[in-house]
């Protein structure tokens with residue numbers, strides 16, 4: 001470790017590789033983004049389904065709220081450090097160690113189902129925060145640096161769709177296993193065991209991810225010239241992020257992007273619906289995320305020729321849609337509070353009363369995917385190399401997790417529901433003009449990229465083994 005690939009040798013090869021035409025090469029960006037999508041399908045996708053039930057599937061939300069506070073506190077630290085750790089360890093070790101913590105977290109709720117002791121659950125949450133920080137820093141680096149620059153929106157939407165299919169399947173697990181328990185308060189053991197099986201599969205699948213210097217795009221360029229970094233380098237570069245004006249403009253969007261989960265999961269889905277209906281709602285919530293990511297990904301890649309114009313248009317669309325959805329949430333929130341709890345809705349028995357809150361929860365999922373995909377696209381447009389983007393993504397996830405840690409305690413302390421909604425609405429609204437400023441000042445339109453790559457490729461062709469990425 002701490003070894004770098006010789007810059008001159010790599011430069012002579014990285015932009016001149018002749019590759020097979022198949023996009024389904026093992027070392028292609030498409031296959032690698034699909035693989036990281038499947039890893040996230042199994043691990044954070046199932047975690048999202050578990051959290052989306054409200055209280056981790058328990059009638060008392062206290063244990064889950066405290067575990068999530070511990071989780072996002074350590075996540076905030078290791079999210080920021082995660083990019084540097086990824087640059088030192090590479091994807092396989094980083095992802096395998098990260099995915100293992102998801103299995104432990106689901107198992108802690110299985111333990112809690114029997115013994116009602118919070119200590120194990122909170123400790124598992126803290127460990128998961130470390131693992132999640134590493135996983136999302138690695139994911140961010142792969143998703144933003146592996147794709148070609150003019151197709152980052154499409155690859156982000158592809159990843160987001162695969163990842164959120166985990167939430168869809170994960171939502172079906174409690175729905176099916178608890179279908180005949182319409183009056184049940186907490187999910188059964190089989191639900192947690194099902195989550196653990198998927199998470200363990202994700203840990204094994206992470207071993208299939210290639211490092212960036214072995215991934216070759218269709219035009220023959222490598223995704224990164226650097227194989228490993230140094231600890232001293234990463235510490236210095238991570239500290240610089242706190243003075244980087246680009247990162248500072250992203251802070252409100254980062255803080256907002258997970259802050260609303262405690263409100264949506266616990267106080268919309270958790271308070272308004274019974275157990276089996278919460279599972280069904282999550283199928284559609286995460287399904288809506290797939291739709292939202294595909295829609296915004298198309299706009300950010302194909303709506304206009306200018307990359308900067310596409311970014312500004314995408315932000316405008318998300319801002320308008322988001323304002324409408326939060327306005328609908330405001331109207332819904334007028335109907336209940338902590339002191340005036342609503343009657344639990346059931347998808348079969350509640351008739352038309354189920355429709356409005358269900359559509360709102362679906363819309364929250366749609367907005368979440370569009371908002372986060374938009375932010376990832378902006379981050380991916382700020383650089384092209386894996387090293388820099390892993391740090392940027394880690395910073396984004398770190399700030400995001402700090403906001404989430406605060407949000408889960410806000411819910412634990414029973415802050416008025418209307419106040420929670422207004423804060424969430426306000427945070428997302430503040431982020432839009434700052435992202436517009438960032439796109440205007442920092443996102444460049446590169447019209448010469450393709451011609452430069454073609455000239456370089458013709459000048460010095462090199463062949464590549466499609467399975468290993470080795471030059472010949």
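Cβ atoms are placed via backbone N, Cα and C, with glycine included.
Looking at 118-137, 138-157, the range annotated in TrEMBL as transmembrane segment turns out to be 118-137. The transmembrane segment annotation in TrEMBL falls on one of the ranges 230-246, 247-263, 264-280, namely 247-263. Within the set 158-179, 400-421, the record from TrEMBL flags 158-179 under the feature transmembrane segment.
Within the listed segments 4-25, 422-443, TrEMBL records transmembrane segment for the stretch 422-443.
With a threshold of 8 Å between CB atoms, the same-chain residues lying at least 6 positions outside the transmembrane segment (70-88) that come near it are 1-2, 94, 105, 122-123, 125-130, 132-138, 140-141, 226, 228-231, 234-235, 237-238, 241, 258, 386-387, 390-405, 408. Within its own chain, the transmembrane segment (354-379) is flanked in space by residues 140, 143-144, 152-153, 156-157, 160, 164, 250, 253-254, 256-257, 260, 264, 268-269, 272-273, 277, 281, 284-293, 295-297, 300, 311, 314-315, 317-318, 321-322, 325, 328-329, 332, 345-347, 389, 392-393, 396, 428, 435, 438-439, 443, which lie at least six positions past its ends and keep a Cβ under 8 Å from the stretch. Taking pairs at least six residues apart, the transmembrane segment (312-334) and the transmembrane segment (247-263) share fewer than three Cβ pairs below 8 Å and do not count as touching.
Most Cβ pairs under 8 Å to the transmembrane segment (422-443), among the stretches 95-112, 118-137, 191-210, 247-263, belong to 247-263.
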